[in-house]
């Protein structure tokens, strides 16, 4: 696979640790000299003399890790870096946060107000921060958090005003913990919990009694809630039960419509019907907005389509226009509906009305949450919504002042375009809608944020969208390659992982490969492998996948090797146990080794300690993709003479024969590479004999019968090499290989497959196999071991070899009694006979000698076949033509060829091909003498 898309970030082990420096007391400005600007001292800037407030402002623009790095430069800046004003908020999500780390940070967290964390280990460690003044706590991946942990957190932080856990389900939290929240946090204003099984009346009534300021309440994706008790939380202004099941809507509408302050109600993704919706919109005196997005029961009923009969109330649903509904909240007809979010943001800058700000923030939050949840489950029938409204809503919400809304919207964009995660398939229409509305530029701006959470989600969206070639081009034109290459250098694993995914998808395009290398992307990707070699499979798979794509380019492959990529990829192939990483590492090594003589990467991979052994082991993987790429790598590496023998020593013959035997029902890609690797190894006579001895002939014959052109072509090549050995030739006959090769020779759409099948048959019946059969005691007319008639097989083979050769000759040439040998005629014959791909075949001296000897064979068909083969191997322009000509000249074959061309006993086909062969030799001789 050459690219990857991701729907949702998953919690992984091995998070990088927070860099913590010793705590120093805050310093004060003692005199005015400390406020002077940096001065030039001997040509250098004295950065220490920067005003303290300027340095503090600089610190605020950096993430925690960069703050720590900057603070390590000198004692003065260490003191400033520890200032409590820099530690009012803390995002622990990208880091491994445990009790010891919390204790190290505690002295800085006296004034900590806002905290975001991820996972149960971080939750258990929060109390060790001793941040008694915490106002807001937000956690995700909380499925393992228990009542005890949550109760302990709220008991130590009585000043909490906001608590959010989700969007994943809090499976182990019960109503007992909710009661603890109510008892311990009397100042609570906002509570949003996801995925709780049962929210009892006692828990809700405790909130109503002990949290008089609670105005924003959300029980999302819960199984059961007490509808009547919710009607007693009279302080609530904004209520969300999105995704919650088993709600009795008759009870809910009879109780919630009496809530005196209820301004916004979110019932998205529930089974609410039109009756309850009408009741809320007509009975509630305070309600302004009812959000009912993706409510299938409501959408199946057309009675509410003309929802504008509810004067002063706004219904947001899939059958309404969300932008129009939001715009109607403010009676300003001068604004275009799609500009409503921008209008709101300007309004929030100028207004001091906290109620309006809270209202707008709540709407942004619930819409972003519902859009993400809807994108994750990707229900059918929403294409029109996504194209006309959904994409634009997500892009608008990405510009929110709320960081979590921005992140969720970017994640929504990354998710809603994906059709199939495994096959890296996206919906082109949705992707184009994002690009049309300026989404690429917005995402790239978000990726440049100093906030690592935004960087990560924006990079993920860019990566998924870049599966589309047009969007990949737009990303490159907007400077996205440089941005992603920069993010790939991040010390935050989540950011680096998503950036590597973006480079992986962008590197599919040939036009982007060099740009990635020039932006430093190759080195960044290699460094990622060394930075997180263990336990970070997502990073490693994406880095290896991107390097695999880049290694397919000759120039970039040299950059990969120069950056240490060979060692890094071999390390992954040897040590990593995750199949996705193994597959991409093997593919990268295969591509590095695929450039032949244009660079020395093939030899370099083979010389890397443990490389060949690792690839041989990977051919035994239970995962088909790993086996396929490992076999492909061994195939490419086998073109190097030393590698070929080293692969054999590493057990490659046995492993690849076993692979070929087991892949009869596998994908064509695996079959092609298994046969190809055996083809490459069988160039060596010793390997050829070993392959035959290990049982490699039957599976290759089976693969030669494949309908897939690529498969039977590589199988024909392997059988051609094996047939050079008379023992293997006899095995091929005994195993029923002659009919398979005859079928290829006559019926394959691949000229190369037909050619190599004909050559294999010629090897088998040029007389050497008969001598071998006599030597081992088998009659020349019958093979007793398999009861196969050699004479019958020979006749069948020669008949089809002749038909194959004649298919490359214009029959009109032989109409006249005397065949012309003019240069024009010979050129015409050459043009018709040439098999372009045959120029890539490289024969040994023994093989060339065998074809020359075959010209002396009494059989006219074999003579013609030998001349035809030598013609193909020496045509000017062929990759190895000069090599073949040199072998023939060194063997002194020219005199014999002239004799054969002039002999009246030579068949006309062979005579013409021999004359062309002589002309080829003369051409190369003249060329080499210049």
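Each Cβ is built from the backbone N, Cα and C atoms, and glycine gets one as well.
Summarising the annotation, Swiss-Prot assigns motif 'Nuclear localization signal' to 3-8.
Annotated domain 'F-box' per Swiss-Prot: 44-90, in sequence order.
Annotation comment: Swiss-Prot describes 172-212 as repeat 'ARM 1'. Applying DSSP to the repeat 'ARM 1' (172-212) sorts its residues as follows: 20 helix, 7 strand, 14 coil.
Counting residues 6+ beyond its ends, the repeat 'ARM 2' (244-285) has Cβ neighbours under 8 Å at 215, 218-225, 227-228, 230-231, 233-238, 291-298, 301, 303-304, 307, 310, 313, 315, 359, 362-363, 366, 370, 373-374 in the same chain. Feature annotation from Swiss-Prot assigns repeat 'ARM 2' to 244-285.
Counting same-chain residues at least six beyond the ends of the repeat 'ARM 4' (428-467), those with a Cβ under 8 angstroms from any Cβ of the stretch are 3-6, 9, 61-63, 66, 91, 93-94, 116, 383, 386-387, 391-392, 394-395, 398-399, 403, 406-408, 410-411, 413-418, 474-475, 478-480, 483-484, 487, 490, 492, 494-495, 497-499, 501-502, 504-506. Residues annotated as repeat 'ARM 4' in Swiss-Prot: 428-467.
Swiss-Prot lists 469-508 with the feature repeat 'ARM 5'. Beyond its flanks by at least six residues, the repeat 'ARM 5' (469-508) meets 2-6, 9, 14-16, 63, 65, 93-94, 424, 431-432, 434-435, 440-441, 444, 447-448, 452, 455-457, 459-460, 462-463, 515-516, 519-521, 524-525, 527-528, 531-532, 536, 538-539, 542-543, 545-546, 549-550 of its own chain at Cβ-Cβ distances under 8 Å.
Over the repeat 'ARM 6' (510-552), the average per-residue pLDDT in this prediction is 95. Positions annotated as repeat 'ARM 6' by Swiss-Prot: 510-552.
When the repeat 'ARM 7' (554-594) is classified with DSSP, helix, strand and coil residues number 34 helix, 0 strand, 7 coil. Residues or ranges marked as repeat 'ARM 7' by Swiss-Prot: 554-594.
The repeat 'ARM 8' feature in Swiss-Prot is assigned to 600-639.
Annotated repeat 'ARM 9' per Swiss-Prot: 641-683, in sequence order. Sequence-distant contacts of the repeat 'ARM 9' (641-683) (same chain, six or more residues past either end, CB-CB distance under 8 Å): 602-603, 605-606, 612-613, 616-617, 619-620, 624, 627-629, 631-632, 634-635, 690-691, 694-696, 698-700, 702-703, 706, 708, 710-711, 714-715, 717-718, 721-722, 844.
The repeat 'ARM 10' annotation in Swiss-Prot covers 685-724.
Annotation comment: Swiss-Prot describes 726-766 as repeat 'ARM 11'.
Beyond the repeat 'ARM 12' (790-831), the same-chain residues lying 6 or more positions past its ends with a Cβ under 8 Å from any Cβ of the stretch are 733, 738-739, 741-742, 745-746, 754-755, 758, 761-762, 764-765, 769-770, 773, 779-783, 859, 861-862, 864-865, 868, 871, 875, 908-909, 911-913, 915-916, 919. Marked as repeat 'ARM 12' by Swiss-Prot: 790-831.
Taken from Swiss-Prot, the feature repeat 'ARM 13' covers 835-875. Among residues of the same chain six or more beyond the repeat 'ARM 13' (835-875), those with a C-beta under 8 A of the stretch's C-beta atoms are 683, 685, 724, 751-752, 755, 758-759, 762-763, 765-767, 798, 801-802, 804-805, 808, 881, 883-885, 887-888, 890-891, 893, 896-897, 900, 906-907, 909-910, 913-914, 916-917, 920-921, 924.
Listed as Cβ neighbours of the repeat 'ARM 10' (685-724) (distance under 8 Å, sequence separation of 6 or more from its ends, same chain) are residues 644-645, 648, 653-654, 656-657, 660-661, 663-664, 668, 671-676, 678-679, 731-732, 735-737, 740-741, 743-744, 748-750, 752-753, 756-757, 759-761, 763-764, 846-847, 850.
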